[in-house]
Amino acid sequence: MATSLLSPLLVAMLGFLLHVHVARAGLEHTCTLETRMQGAHPQGICGSKLPDIVHTVCQVMGRGYAGGQRQLRKRTSMIDSDDMEAEGGSRGGFLMSKRRALSYLQKETNPLVMAGYERRGIQKRHGEQGITCECCYNHCSFRELVQYCN
């Protein structure tokens, strides 16, 4: 069973390696608001495919990948203590107060606010880096993917 699972994995990795361009050492991609507004790179890896590919690369290299755990921590840290108190803490933060819920329904007319950039403090002149910037909005190399392994 392990051989039958390993063979398609190796074929997929070989195809990926042949597709990936070699990047110069030390090259860091930076994403600005303009980069994000232009959309994903034609050869970028985006969405749910990104953690899957990084996980596969890390497995092939014999390293671990904690991407899922990091995302889980971010989600749990977003639970507001006021929401826990409003619901008595009985649902573990899944329910929120009416005021908090209605705040998400306000109509926004500014496209920067609608995209979430203004709330996160992303400025037009300041860039940010990360796996989404490097591999979705830009084209990342195999070496850059390996850097996200443990």
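Using the three backbone atoms N, Cα and C, a Cβ is placed for every residue, glycine included.
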Answer for the disulfide partner of CYS31 (Swiss-Prot, candidates CYS58, CYS133, CYS135) is CYS133
From the list CYS135, CYS136, Swiss-Prot names as the disulphide partner of CYS140 the residue CYS135
Listed in sequence order, the disulfide-bonded residues within 10 angstroms (C-alpha to C-alpha) of GLU144 (4-carboxyglutamate) out of CYS31, CYS133, CYS135 are CYS135
With neighbours defined as other CB atoms within 10 A, the best-packed of the disulfide-bonded residues CYS133, CYS135 is CYS135
Between the disulfide-bonded residues CYS31, CYS140, the one whose Cβ has the fewest other Cβ atoms within 10 Å is CYS31
